[in-house]
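Since the structure comes first, as structure tokens, the remarks are kept for the end.
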Amino acid sequence: MPNKKKYIVNGDSEIKAQIQFADQKQEFNKRPTKIGRRSLSRSISQSSTDSYSSEERPKQLSVGFSLPHSAQAHAKGTLSAPKEAMKLWLAHPAASYTDSSDDETSPRDKQQKNSKGSSDFCVKNIKQAEFGRREIEIAEQEMPALMALRKRAQGEKPLAGAKIVGCTHITAQTAVLMETLGALGAQCRWAACNIYSTLNEVAAALAESGFPVFAWKGESEDDFWWCIDRCVNVEGWQPNMILDDGGDLTHWIYKKYPNMFKKIKGIVEESVTGVHRLYQLSKAGKLCVPAMNVNDSVTKQKFDNLYCCRESILDGLKRTTDMMFGGKQVVVCGYGEVGKGCCAALKAMGSIVYVTEIDPICALQACMDGFRLVKLNEVIRQVDIVITCTGNKNVVTREHLDRMKNSCIVCNMGHSNTEIDVASLRTPELTWERVRSQVDHVIWPDGKRIVLLAEGRLLNLSCSTVPTFVLSITATTQALALIELYNAPEGRYKQDVYLLPKKMDEYVASLHLPTFDAHLTELTDEQAKYLGLNKNGPFKPNYYRY
């Protein structure tokens with residue numbers, strides 16, 4: 001009999017956890033470990049490393065729907081989750097039914113139905129839906145802009161008739177986005193863009209609500225592509241919009257179902273890896289629909305990439321390794337927005353931080369921020385932690401891994417799993433030892449070992465969580481981009497890659513200000529005339545660097 005846990009909430013104050021063991025006598029030191037090589041899933045996808053030149057900079061997008069003159073006009077009253085949900089969350093904040101099941105049966109081999117009798121989904125366990133619903137309700141509290149957009153636009157149904165196929169991380173925050181899209185009139189089918197980031201209870205809650213979701217935590221590579229195919233290849237339903245994170249969904253449709261693009265109105269892509277792929281297609285003349293580059297919008301770059309990673313890097317490392325950061329030597333590969341966030345957090349915790357960078361401008365920024373710029377080979381023998389966040393491939397090679405000190409921690413904060421050459425570690429002379437979920441020791445013949453997190457995949461979403469408020473900004477941007485592309489008249493956008501307009505970025509930001517009880521200063525007519533601006537924005541030119 002497995003151990004059973006019961007969580008009991010008494011009133012609004014005291015929270016007690018009672019643990020009942022099936023066996024009264026349990027030896028504390030009896031902790032079996034499995035040692036030896038284990039079968040690992042191969043790399044899901046290869047990220048593009050080609051960057052685009054200044055001539056290929058994305059075109060500016062125009063706004064095709066009206067925005068309110070003041071974001072303060074949106075409803076102030078946020079939805080409030082039931083008190084019971086908050087109590088449950090407080091009772092066990094790290095709790096997740098994602099890993100609580102001992103059932104090793106593949107979800108593909110199960111016959112499951114939701115309460116309405118539908119079986120058009122594939123999740124780990126549909127019975128986890130109630131817990132997932134509580135997580136979604138709590139996430140809604142930290143996503144004010146998305147909830148305001150849902151309330152404002154659900155009467156207009158700007159996505160009526162839209163059939164959106166999505167491939168993103170399936171978390172409580174994504175669920176709020178999906179339900180918002182549904183409230184705005186869209187039909188959605190969804191798969192996960194990462195085999196480790198899916199919250200099984202959230203996927204179950206979405207399936208129970210009628211969303212065709214095909215995802216579970218710990219998919220194999222075959223499962224990953226099977227789930228995407230189940231979203232796309234369905235009788236009597238064809239997508240007309242794509243929401244992608246990483247480009248795998250877009251790649252699959254191009255590869256398997258190219259004729260579908262005849263009815264697809266546009267692609268919305270939010271990751272560096274996926275954006276690179278879109279620019280490659282555009283450069284080769286193979287991009288056959290308009291695409292929106294959400295990744296390079298101001299709100300996405302500054303908030304999702306910088307502020308989000310500044311908090312989630314520490315959370316991911318602490319949950320997986322329980323380590324102390326003070327005095328540790330860390331090398332961060334890449335000083336873009338993600339790298340800046342990671343470096344700032346680790347420096348604040350007392351770590352000694354080195355930076356590697358190929359771009360002289362980002363390199364100079366790192367130097368001015370007080371970080372020592374090095375080549376990876378120069379510090380690889382001495383550092384305690386190696387973090388990649390470049391979007392490139394083979395940033396950390398087998399040669400680097402061979403030279404690392406004993407117990408060096410290796411992890412990735414970029415979207416793609418190709419930054420660390422994990423494939424080179426799958427050799428007979430090396431032993432893999434699973435320490436805990438998403439934590440592996442890779443042991444060399446002389447006894448040296450490195451600590452590899454999430455098999456080189458995205459650390460924060462694979463091993464911990466990310467701040468909901470930041471994801472509200474990204475999700476709102478994605479929703480607005482879908483609305484714009486779907487409602488754009490034919491001919492407005494060509495088969496190219498576009499950026500969000502400045503006006504839309506400002507609107508997304510303004511929707512989040514009431515959360516902080518923030519009050520914007522308004523220009524007088526005289527001031528607006530002096531600056532040559534519209535009083536309602538946009539307030540900065542397109543070339544402005546925030």
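Counting starts with 1 at the first residue shown.
Cβ from N, Cα, C; glycine included.
Marked as region 'Disordered' by TrEMBL: 23-65 (among others).
Per TrEMBL, the feature compositional bias 'Basic residues' maps to 31-40.
The compositional bias 'Low complexity' annotation in TrEMBL covers 41-52.
According to TrEMBL, the region 'Disordered' annotation covers 97-119 (among others).
Long-range Cβ neighbours of N460 (NAD(+) binding site) (same chain, at least 6 residues apart, Cβ-Cβ under 8 Å): C308, C309, S312, I313, D315, G316, M413, V466. The annotation NAD(+) binding site is assigned in TrEMBL to G336, E337, V338, G339, K340, G341, E357, N460.
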Neighbourhood of G336 (NAD(+) binding site) by C-beta distance under 8 A, where only residues 6 or more apart in the same chain count:
N305, C362, C389, T390, G391
Given a separation of at least six residues and a C-beta threshold under 8 Å, show me what packs close to G341 (NAD(+) binding site) in the same chain.
N305, L306, Y307, C308, C309, R310, E311, I313
Across all chains shown, how many C-beta atoms besides its own are within 10 angstroms of the C-beta of E337 (NAD(+) binding site)?
23
In sequence order, which residues at least six apart in the same chain have a CB under 8 Å from the CB of G339 (NAD(+) binding site)?
V332, C333, V355, E357, C362, C389, T390, M413
